[in-house]
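As annotated by Swiss-Prot, compositional bias 'Low complexity' applies to 80-92. Feature annotation from Swiss-Prot assigns compositional bias 'Gly residues' to 96-105. Feature annotation from Swiss-Prot assigns disulfide bond to Cys181-Cys198. If you look up Swiss-Prot, you'll see 37-86 marked as domain 'Collagen-like 1'. Look at Swiss-Prot and you will find 60-114 tagged as domain 'Collagen-like 2'. Marked as domain 'C1q' by Swiss-Prot: 117-253. Residues or ranges marked as pyrrolidone carboxylic acid by Swiss-Prot on the basis of experimental evidence: Gln28. As annotated by Swiss-Prot, 4-hydroxyproline applies to Pro35, Pro38, Pro41, Pro53, Pro56, Pro65, Pro83, Pro86, Pro101, Pro104, Pro107, with the evidence given as experimental evidence. The annotation 5-hydroxylysine is assigned in Swiss-Prot to Lys59, Lys62, Lys77, Lys92, Lys98, Lys110 on the grounds of experimental evidence.
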Amino acid sequence: MMMKIPWGSIPVLMLLLLLGLIDISQAQLSCTGPPAIPGIPGIPGTPGPDGQPGTPGIKGEKGLPGLAGDHGEFGEKGDPGIPGNPGKVGPKGPMGPKGGPGAPGAPGPKGESGDYKATQKIAFSATRTINVPLRRDQTIRFDHVITNMNNNYEPRSGKFTCKVPGLYYFTYHASSRGNLCVNLMRGRERAQKVVTFCDYAYNTFQVTTGGMVLKLEQGENVFLQATDKNSLLGMEGANSIFSGFLLFPDMEA
């Protein structure tokens, strides 16, 4: 059976309870003596489990370089690499020794047919060894042949006969003692005078020369003809010579 406490007595009861607690604490203090000597440390306990990893620390400063290590052994040969780009052209080297003859090349294509006239070589030179007086209009015969390619000059007649039409050059050098005039003649059966060369001297040795380019047709003759001034000489030390040669053949003939 609960006991009813009047509301007016509650403060008194609280005061009495507080005073009782104070007395109890003072009684406990009065029973406490001086501190004792610390005892011997106990045996270390069993290590506890590892703790959780801590947070990463701040990056430290760079350390000093280490000592150089020993050279390692050579590894196996690797695969060839990709070819690099071509380098720059180097300087020109010295000329090498002369090589041997190469193999003969293949024959070239057949050429076009040529004109036989383009390959003709026609030339003559003849001297006069006959030292006898000449008559007017007489053909001057140069009887000693020096050169006569293709035999277009006839020493027995003293005439050149054209066999290949074209341009020819004729010249003469005549030694004489006194006045000398000669005619350069051309034609077939009836020759015509082309030009007359003259040189005048009285009782003295001289050399007369002359030359001309003529366009000849096949069968025409060319020769020198004497005039009334015909002191021509033909002897050792005073030679007279008649020459001629083909310059260009007539390709249209």
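Backbone N, Cα and C atoms are what each Cβ position is placed from, and that goes for glycine too.
Shown on the structure are the features that Swiss-Prot records.
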residue: Pro38; record: 4-hydroxyproline; Cβ neighbours (10 Å): 6
residue: Pro41; record: 4-hydroxyproline; Cβ neighbours (10 Å): 6
residue: Pro56; record: 4-hydroxyproline; Cβ neighbours (10 Å): 6
residue: Lys77; record: 5-hydroxylysine; Cβ neighbours (10 Å): 6
residue: Pro86; record: 4-hydroxyproline; Cβ neighbours (10 Å): 6
residue: Lys98; record: 5-hydroxylysine; Cβ neighbours (10 Å): 5
residue: Pro101; record: 4-hydroxyproline; Cβ neighbours (10 Å): 5
residue: Pro107; record: 4-hydroxyproline; Cβ neighbours (10 Å): 6
residue: Lys110; record: 5-hydroxylysine; Cβ neighbours (10 Å): 6
residue: Cys198; record: disulfide bond; Cβ neighbours (10 Å): 13
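There are 6 other Cβ atoms within 10 Å of the Cβ belonging to Pro53 (4-hydroxyproline). Summarised as a single figure, the pLDDT of the domain 'C1q' (117-253) averages 90.
If you compare Cα positions, Pro53 (4-hydroxyproline) sits closest to Lys98 out of the recorded positions Lys98, Pro101, Lys110, Cys181, Cys198.
The Cα atom of Lys59 (5-hydroxylysine) lies nearest to that of Pro83, taking the recorded positions Pro35, Pro83, Lys110, Cys181 as the candidates. Geometry remark: Pro101 (4-hydroxyproline) versus Cys181 (disulfide bond), CA distance 62 Å.
Around the Cβ of Pro104 (4-hydroxyproline), the number of neighbouring Cβ atoms within 10 Å comes to 6. Mapped onto three states, the DSSP output places Cys198 (disulfide bond) in strand.
Here Pro104 (4-hydroxyproline) is compared against the modified residues Pro35, Pro56, Lys98, and the shortest C-alpha distance is to Lys98.
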